[in-house]
Structures are given as structure tokens and as C-alpha cells.
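Notes for the one structure printed next.
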Amino acid sequence: MADNSTGSANSTSSSSSSTTNTSTCDYWVGVTIGEGRFGHVVYGQHKHSQKEVAIKVYDKASMHKYPFLPRSIWTERLVLQQELASVESVVNLWSAFHDSHCVYLIMECNKGGTLQEVLPLLSKNRQGSSTSIAHYALQLCHSIQALHDRSIIHTDLSPQNILLTSRGRIQIADFGAAVRLGQDDPATTNQQSPAVPRGTADYASPEIIRGIPASQLTPAVDLWSLGCILFAILHGQPPFHAPSDSLAIQSIMDYVNNKQGSSLQSFASDKYSTAWKQLIWDVLLQPDPTKRMIQPPSSMVQLIPGHDTVDLEQDPPIRPNEPQWVQEQQESKQMKDGSSGWTAFLM
């Protein structure tokens, strides 16, 4: 396709990046890593440095269908290249550019899949994997605290948005719905700017479900999601999981309004650890967001059962399996040349 943008006017790059070229011409394109509702991610290699990258691709046609999408992409780019650029447990954004058909975000490539894929390994033998469970829980607490220390609220934390290195190191991703603490979403004051959807139903806090304005959201939003994620690590699925998003939301609000539910009872009767129950149900899943906020926030790690037996300098004993896309890429004999333009980045 001849209409490929290669000019710097259509590109930006992080000052900390070693991948400075910013056009499709600079990349080889491999297999699809994953796909979502609004875009997809492909494996890539920078031609000159041989750096492996994950390339998020958004079709501009989708922006007409989802008017909030440009703002979401813009938010993710700014947050990753400004406030979170130096945070080790946050995925790196190395550059961003666009052409006439697509927007491209050049991200750090992680080969450990997501936390979602590790849940079965952790939950099927909780006693035997207690050290790994504590390790991942501590990583999560430190990673989320790093966001909050920089006044960033993720608002959409879930195991699918938590990437892993092959060594089992957490890297938080997908900041398109992120909020700067105390700042308004333009959609609340400008009817021409549509609101960015926030939250994944199974992990969404009551404040997100109720549609609280962005300027009124607090870090407690992410702590609720953390509670759901920790529950999923222990049980294999989140506490309010249901066959549909609407039923999951109903389950959350029933719990909030009545402080009861089957999930609470099933966990209360579990003999694994009363300490986990106290952390998850008595702190993180408090319906009142002010009661989720532990002071000082850094002290939360002390509530993780087994925290004093974990050395975070070491990798967790249970590490992720190699994702299928890695094997597919190894077996692939060819990569597409990004010089052909946006068509090379299609799935």
C-alpha cells in the first residue's frame, strides 16, 4: 500500500526508548499475540536493533464506531510516557505513530502471557503453591502502589491486563481508562467528548459501576479490583463471576447493598487461611471505599499471608507457561515487512 506514513510529524517516541524510529517501515511483523474489542496486538521486531516488540494496532475506522477510542489511546500514551515511564512493573511504551489507516503503539514484549493464564496453576494446589501466591500478591501490591504514588488510578485492573515476563514478573498494561487523581474526564464537562468505558465487570468496583465522575474516583477503585484478583488467585475465578456481565454487576451490587452473598459464605468456610479472608473481604472488598484505604498504603504488604517468607529478588516458584503465540512465532518461517504499510499489520 503506497499510502504509508513515514514522516516524523505523525510519530512520537519516549525519551527513554532505544527504539527511536517510528514508522511501519522500521518493523518486521509476526504472529498475532492477542486481540480485543477495539484492536489487536502483533509480535514485531525492530529491523535495525532486532528488539522484540508488541505492536498494538487500532484501525481508524473503529474510531468512528467507538468515539471514545481516540481519547483512550491518547490517555494510555501520555500516562505511559510521562508519569509511569520509569516504573519497572509497568509495560514500556517505546513509540507511537499513525498512518492513514491505523494507530500503532510500540510496546515492550513480554513472553509470559497474562496473570489470567497462571490462575489455574496457582489455585489448583493452594497449599503447595502458597509461596508463589504470596509472591504474586506482593508484586501486585507493590505495582499498584507505584501507580498510586504517581497519582494514577488504573480503573480497569484484571488478570487479563496484568502481563508477565517469562520469569513471572508482573507488568501492568492497558492504561486507556486510567485517571489522574482529582482530574476530570473531559466527557463530564464536554458533551462532544464521549466518556471512556471503565472497569471489567467481574473486577469493577461499585464506584465504577455507579458511574462516579473521574474527578471523584480514588485509589480505592483499584484496591477493590485487587481484592477480586487475589480471590481469583486463590479460587481460580473472581468472587462475583457470573455467566454475563450484567449478572456479575448485579452480584456485586447485591453484595454491596446487603453485605452478603454466596461468594462471601464460601470463602468464610474455607480453611485455607483466615488471614486471606480478612484481607480480601474485611479490607479490599469493603463497600465503603474509605474503608479500603489502609494507612499508610505501603503497610498493605504486611497483610499478605507469608509476606515475610518471600524474597522478591527471586522469581516465583510457579512461573507462567510459554504462550501459544511464542511457539507459533518460532515455527513460522517468515515475517511480513512493515514497509508494505498497514496491510502487514492485519491479523
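Including glycine, each Cβ sits where the backbone N, Cα and C put it.
Under the heading region 'Disordered', TrEMBL lists 1-22 (among others).
Residues or ranges marked as domain 'Protein kinase' by TrEMBL: 27-310.
The ATP binding site annotation in TrEMBL covers Arg37, Lys56, Asp174. According to its DSSP assignment, Asp174 (ATP binding site) is coil. For Asp174 (ATP binding site), the Cβ neighbour count at a 10 Å cut-off comes to 20, with all displayed protein chains included.
Within the same chain, the residues at least 6 positions away from Asp156 (active site, proton acceptor) whose Cβ sits under 8 Å from its Cβ are Asp174, Gly176, Ala177, Arg198, Gly199, Thr200, Tyr203, Ser225, listed in sequence order. In three-state terms derived from DSSP, Asp156 (active site, proton acceptor) belongs to neither a helical nor a strand segment and is classed as coil. For Asp156, the entry in TrEMBL reads active site, proton acceptor.
Summarising the annotation, TrEMBL assigns region 'Disordered' to 309-342 (among others). For the region 'Disordered' (309-342), same-chain residues at least 6 beyond its ends with a Cβ under 8 Å from one of its own Cβ atoms are 1-4, 23-34, 43-45, 99-102, 111-113, 117-118, 121-122, 129, 131-132, 134-136, 138-139, 142, 164, 166-169.
Across the residues annotated as binding ATP (Arg37, Lys56, Asp174), the two Cα atoms farthest apart lie 13 Å from each other. Neighbour counts of Cβ atoms within 10 Å were taken for the binding-site residues Arg37, Lys56; the minimum is at Arg37.
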